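Noted in TrEMBL for the protein shown:
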type     : residues : note
TRANSMEM : 12-34    : transmembrane segment
TRANSMEM : 72-93    : transmembrane segment
TRANSMEM : 100-123  : transmembrane segment
TRANSMEM : 129-148  : transmembrane segment
TRANSMEM : 153-169  : transmembrane segment
TRANSMEM : 197-214  : transmembrane segment
TRANSMEM : 250-272  : transmembrane segment
TRANSMEM : 287-307  : transmembrane segment
TRANSMEM : 314-334  : transmembrane segment
TRANSMEM : 346-370  : transmembrane segment
TRANSMEM : 382-399  : transmembrane segment
Amino acid sequence: MLKRIFNNTPLNLTIVLAAAILTFLPTLKMYFYMDEWGNLYEWTHGYQYRYSVFPGEIFHFLFETFGLNATGYYATGLVGYALSVVIFYLLVSRTLKSKLLGLIAGLVYATCPIGINTVQMVWTYVAEGGYPLTVALLILLYLVVGYFQEKKIYYFILAAVCFLLFLELEPRRVFLFLPLLFLFDYFYNFKNIIPNIGFFLRQATFLLIFIAYYRYNVTLSNIILHSGVVFLSGPSTFDWQTKANFSKVALTSAEPLISLTNILLAGPWILLSERLKGHVDLVDIKQVYQVVIATLSLAGLIVVLALKTKKQWGLLLLFSLGWIYANILGFYIFSSPGVNDAPHRYLSLAAPGYALFVTLSIASLYTFFVRRNKKAKPMLKRMFAGLLLGIIAINFLSVKINFDKFNDFHGKPARAFYKSLKEYYPTLPPDSILYFQTPPSPAVKYKLSRIYGGSNYGVPATIAVFYPERKKEELVWATDLVKVEEFIKSDKTRIDRVFAFYYDDNGLWDKTEEVRKKLAADLGTKL
């Protein structure tokens, strides 16, 4: 009966979809953050919209649809994430020809903490480098698998067209697809160390598309709109020398290996790491080398056992490790050198690779031990089922703790802050100063700085997002009473445009009347 249930695709899709939604439901409580305030200021104040990259178009479309309702933005991100889980289930089910393994992989991916900090900003969650990028990669791999299994050329042609399309839609991230397509083709069709001519032709196709886009501005839209006429771009200004230096460092540094270890250990290591903070420097190879060696040795042993058990599983385990490591190296070289913890926002593309590794590891170990002791099969089945459920549960818990922690730090306080601000003062007069007091706690000061900070236009622009009638130049922001006194010094009537607030862990409090009276008393002015 269970076998019949697990072979039910609609039911499996419902299960993985429910797991994805349940895991990421706390993201609906998050709020606009950092750089996003600059875009929101422009759009609430009628700036002429210009954007050269598609992710910007997505963000603007969300603004046109939801305005300042942050929940709508994050709900869109949740839909994108859930879609990636569904496609991943279909990909694994087709690749391994097993709906049960597809279900396991889907559940592991739906609940894993790898790269989940990408949700902290709408921009990375919904637009650039987040789960839309993962969806694009999974679509490409699904088409390539279709070509390998059915030998129908239209699958490969569609994959090539999609690759060109994705380059145009996500130009700053899709370069990561090249090594992954290379590795997947190599390990899926592995027969000899040196592959056949078909492999080189397929990879040459993707490489030529990549070069044509980045060097000669060949895009799908140009081809369609200009009837095949391609316009050459000027010389690239990309700093290849710096990236080449980063590449040399990355290939000889232990830092990417620490990042790989962080990902493979996932939720259990994340929870343990919290307890080790202050006692162990988790980015220092000298202090964690034993963990790194033990983890990578165990991963290598699992690959060897998988190759002996079922060659395809062993090869795809190697691919999954390559998938994770290529993501780490890609961002180490092109964006963020150093050690990344598992939830780091740059690692979301590695999450399906981690899920594939866990799935095949459990399947390989179970099969290996069952073949050696068939009488122990019932016990082994219960043991490995328990192991799988334990991994899923701990990963889910680590995700929940991460999301709840960020919501307590930013999502809930930011929502409450701006709601209170608008309730206290639905409108603000021009030439106003907003004075924010806080207790001496550095943590509270930092939390407040993250609530209204990050805009390239400054804090007044962030406040003005909620007062479209006011330009950023018409508002002044202060955290020091001296600045407020200077504001009214030249014109004492400006005291009526002083708005004061006190912010602490309990929220935002209006102190305008109290501060105005104090200022009036100090300056000998009657209100």
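Cβ atoms here come from the backbone N, Cα and C positions, even for glycine.
When Cβ-Cβ distances under 8 Å to the transmembrane segment (72-93) are tallied for each of 100-123, 250-272, 314-334, 382-399, the top count falls to 100-123. Ranking 12-34, 129-148, 250-272, 287-307, 382-399 by CB pairs under 8 A with the transmembrane segment (100-123) puts 12-34 at the top. At the 8 Å Cβ threshold, with sequence separation of at least 6, the transmembrane segment (250-272) comes into contact with the transmembrane segment (287-307) through 3 or more pairs. Long-range contacts of the transmembrane segment (382-399) within its own chain (CB-CB distance under 8 A, at least 6 residues past either end) are made by residues 23-24, 104, 107-108, 111-113, 116, 266-268, 270-271, 358, 362, 365-366. Same-chain residues lying 6+ beyond the ends of the transmembrane segment (129-148) with a Cβ under 8 Å from its Cβ atoms: 58, 77, 80-81, 83-84, 87-88, 90-91, 94-95, 118-119, 155-156, 158-159, 162-163, 166, 169-170, 172-174, 176-177, 180-181, 184-185, 188-189, 345-346, 348-349, 351-352. For the transmembrane segment (346-370), same-chain residues at least 6 beyond its ends with a Cβ under 8 Å from one of its own Cβ atoms are 84, 88, 92, 101, 104-106, 108-109, 112, 114-116, 118, 129-131, 133-134, 137-138, 173, 176, 259, 263-264, 266, 299, 302, 305-306, 308-310, 313-314, 316-317, 319-324, 327-328, 331, 335-336, 340, 376-377, 380-381, 384, 387-388, 391.
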